[in-house]
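Reviewing the structure listed below.
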Amino acid sequence: MNFLHTLSTVLFIVSIHPFTRAKPDTYIIHMDPSAMPKAFSSHHSWYFSMLSSISDTSEAASASSTVTSKHLYTYTHSINGFSATLTLSELESLKKSFGYLSFTRDRPLTVHTTHTSQFLGLNSVSGAWTAPNYGEDVIIGIVDSGIWPESESYSDEGMAQVPTRWKGKCESGTNFNSSFCNKKLIGARFYNKGLLSSHPKLTIPMNSPRDINGHGTHTSSIAAGNSAKGASYFGYASGTANGMAPRAHIAMYKVVWRYGTYTSDVLAAIDQAIQDGVDILSLSLGLSVDNNVLDDDPIAVATFAAMEKGIFIAASAGNDGPLYWSLVNGAPWMLTVAAGSIDREFDGILTLGNGVQITFESLYPGNFSRNQMPLIVMDECASLEELRQVRNNIIVCKDHLSISDQVENAESAMVSAAVFISNYSYLSELHTRSSFPAAFIGLDDGQTVIDYIKQNSDPRGRFQFRKTSIGTKPAPKVDAYSSRGPFLSCPNVLKPDILAPGSLVLASWSPVSEVTKVGSHPLFSKFNLLSGTSMAAPHAAGVAALVKKAHPDWSPAAIRSAIMTTANPFDNNLSPIKDVSNFNQPASPLDIGAGHINPIKALDPGLVYDATPEDYMKLLCAMNYTSKKIRMFTKLSHDCMNRSLDLNYPTFIAFFNDDGLSTSADKFEQEFQRTVTNVGKEGMAYTAKVTGMDGIKVVVEPPKLVFKQKYEKQSYKLRLEGPKLLKKDVIFGALSWRDDAGKYMVTSPIMATTITSQ
């Protein structure tokens, strides 16, 4: 079905100049396109006519030039509408236009910012990279800060021809022309009209798809970078860097600029990506937590249109953890990706004069291998004058001030080296990437250093750096910065969906973007180590490309289900994945979703939980969205005769909300219904098994599912029964459907919680 011919909602993005001529604000205006007069051949011409009719003629010499200067974008494939800069009076005139529905504010967005392929089990001998699946012919669209085309990650060696269905192109611009594209990088476009509308006097030095930030080069090479030999970060993480789908094609849509990122530009990029023919969209950006309301999020609306057209969307969960309700990009038609660590550590070694060695996390890039230096305790390291007097020693700072303040003081005093003793259970990457030789150690190791200094008249130490350890345990862990669920705008769907590598990921980088400093000297590199859910989302996008290649007819929901139900909730110690921010206690599904992504198993999941656009419409109806708001997503008239908060999703979440009057005798019960599709062979039988859920009874009916045919569907019910007053705020477990032959285990997390957004 071609949804372009069945639209019933148009959405405008309008930048408004108040009478005071203050910096323009951006708004999204929803219109009913059926109101378009028959005299117009297209919505684009209708928009221009409307702009002309409402324009303040005093602002321009002619109506034609006024409209041209006001108009930014016309959207036809995602949200449908146009962008324009208007005065406040013009906006008021627009509100009076026939067909006007509503408007919402358009806001700035933020980005959420080697060995990971091996850690995920991807190799050419066994697993998901076995012939013929390296993601060939799949097109991944990246909406980010552009691309550095000369990077080895974008070599088209071994690449198949560009798919004939591809309609995109490479746009020329500053230091970028179409010849930079090849069979790997098949598209590159850039969007900044919204940025320039908000900053009319701004001059953009790199007005092209070229990436001088590094973020887009990093994320795109994670998703689908070709093999890049000799990759490292100043000797750390050395080896060959591979994307998750090394034979998939990349299309870059540059929307992230040094001066800001605007929703109107992001919408234009998504709109074009749909038209160009991408199969996967990777989004490592989003609105702030406070503004992330589903019906007021243009990205959620635009990705609904992408989903309708069969495009899979992987989006970062955000970097506002570890608090509950901090997650963004939680629309149920997206795969929302949390970030975790991998089994690799980067270390330095402090060797004391008595031979005792203390290992610590470090990314210091310098060649600091001097002979032993005196160790001097300076307590809180608060006095710059005192620090300057001993700056040629290794100073030892205790955690009385914040780590950041101590590091800043040491840098200002230009100390040669330092040891920072802290009781923090985790450290910021900014600390481990210090501009001078520094060890960040815990209280136990710190006491060892203090005792050694006290017991010796001439205490000394020596640093070594650039140590990389592989196979460290336990891994993965969910990192503190990774945003947690539930998703405020749609709590009935458990989010995040999945955990993927996001911490200190090595990938390609723009060589003109500074990565660190030694002293006051900036350093540059072709590769960089970054952390964030920005890094996790393209891992999931690349894995989705592998699944798409193996099953080209699967819907986005089926691909998402395959990734989620085969995820691993255990680390490489075969213990539950730990939460760094919660004293290494087991992480819950609100932290990691279904678990750590497993590309090999995702290719053959056995069963999938599918969902159609109609299923999402039922959910929106059950969330009491008005018909106008639902049309924002579906672009179709919808009567909401069928409503259900129980989306056919491969997870379960129940809120045991206490009204303050409940007693220990009060009971709570909630029932879910799910339908699974057999994507394995015919004649399969699965038996249900529930684990966890302490104090809550879980009933599955029927407890056994028998499939006679491939693609046959079977339904079941899952019921939770328990006291309304839970023992803990969060209780979780899992439902696993295991086939009788022992090949498949299709697992879904179950969550019961009393936490609220208040």
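Positions of Cβ are set from backbone N, Cα and C atoms, glycine also.
Annotations in TrEMBL come from automatic prediction, not curation.
The feature signal peptide is assigned by TrEMBL to 1-22. Sequence annotations record features per position, and here TrEMBL assigns domain 'Inhibitor I9' to 26-112. Annotated domain 'Peptidase S8/S53' per TrEMBL: 135-572, in sequence order. As annotated by TrEMBL, active site, charge relay system applies to ASP144, HIS215, SER534. What TrEMBL lists as domain 'Subtilisin-like protease fibronectin type-III' is 646-751.
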Next item on the list: For the domain 'Inhibitor I9' (26-112), provide the mean pLDDT of the predicted model.
Entry: 74
Notebook entry, point to check: In the domain 'Subtilisin-like protease fibronectin type-III' (646-751), how many residues does DSSP assign to helix, to strand and to coil?
Noted result: 0 helix, 62 strand, 44 coil
Next item on the list: Pick the one among the active-site residues HIS215, SER534 whose Cβ has the fewest other Cβ atoms within 10 Å in this structure.
Entry: HIS215
